[in-house]
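As recorded in TrEMBL:
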type	residues	note
TRANSMEM	6-29	transmembrane segment
DOMAIN	22-285	domain 'G-protein coupled receptors family 1 profile'
TRANSMEM	41-60	transmembrane segment
TRANSMEM	72-100	transmembrane segment
TRANSMEM	121-144	transmembrane segment
TRANSMEM	189-207	transmembrane segment
TRANSMEM	235-254	transmembrane segment
TRANSMEM	274-294	transmembrane segment
């Protein structure tokens, strides 16, 4: 094995382990809370989606490549399906987090305790179930479209890829191209637009309410603490959303510009691009919302 390949495997393993630890801590910390709120449910869904991607896909993929194993076709198709499921679910939960945070911030100074449309636990659980169902429907076609493409694996570095769209341009069916276009449009482009718009709304509301909140909360120590905590949470959400935008824009550009036939490290680059958000987001959300604190 070449030194460059060893370095890549080590880096992939470290990134995956860091992501698994962060998402696992975030999930368990939220699950063990005495009272789970709507925002907590969405964060748990995001952490679980990231764990599916890291544990059931990335670590398995790395193990197969290191051991130079050639598993059965059904195993490879399952790996591909789980990759799409985890990736799509993570994106959709990010959309819910963005919309929910905007609704909570909108006119928050004037109606502090009034519930928002999404601020109901049972609604949050229903939406979470809907997210997994939608992700399942969008990921399932990859199993059927990938079946029968065993031949092109001989031309790439891995014989059992977890990538949904690892199809060479010289040998890619119209159905596969149509699926790729539809998938990226509905689960990448559309969420990117929604998150970009609502992120702007969030920033606008924060700027509008800054003076009002500062004036109303001046001199009130308990509320000042709440304001500081809320500000920290808002900053973490905005930071995570910005990272999401950058990562998935690069991901889409890479999907349409890189050719698997000409780029030997196609799957590795695809992994590192998408892993930035799945690995970093639990730490950003966790520390920003005081989820990782031992004393609450």
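Glycine too: its Cβ is placed from the backbone N, Cα and C atoms.
Not measured: the values here are computed from a predicted model.
If one looks beyond the transmembrane segment (274-294) by at least 6 residues along the same chain, the residues whose Cβ comes under 8 Å of a Cβ in the stretch are 15-16, 18-19, 22-23, 25-26, 29-30, 39, 43, 46-47, 50, 53-54, 58, 87, 90, 94, 229, 232-233, 235-237, 239-240, 243-244, 247-248, 251.
The transmembrane segment (235-254) and the transmembrane segment (6-29) are not in contact, since fewer than 3 Cβ pairs between them lie under 8 Å (pairs 6 or more apart in sequence). For the domain 'G-protein coupled receptors family 1 profile' (22-285), the mean pLDDT of the prediction comes to 82. Panel annotation: around the transmembrane segment (6-29), residues 43-44, 47-48, 50-51, 54-55, 58-59, 62, 65-66, 265, 268, 271-272, 275, 278-280, 282-283, 285-286, 291-292 of the same chain, lying at least six beyond its termini, place a Cβ under 8 Å from a Cβ of the stretch.
Tertiary proximity for the transmembrane segment (72-100) is limited to same-chain residues at least six positions away from its ends with a CB under 8 Å from its CB atoms, namely 38-39, 42-43, 45-46, 48-54, 56-57, 60-61, 116, 118-119, 127-128, 131-132, 134-136, 138-140, 142-143, 146-147, 150, 159-164, 183, 187-188, 191, 194-195, 198-199, 202, 237, 240-241, 244, 248, 274, 277-278, 281.
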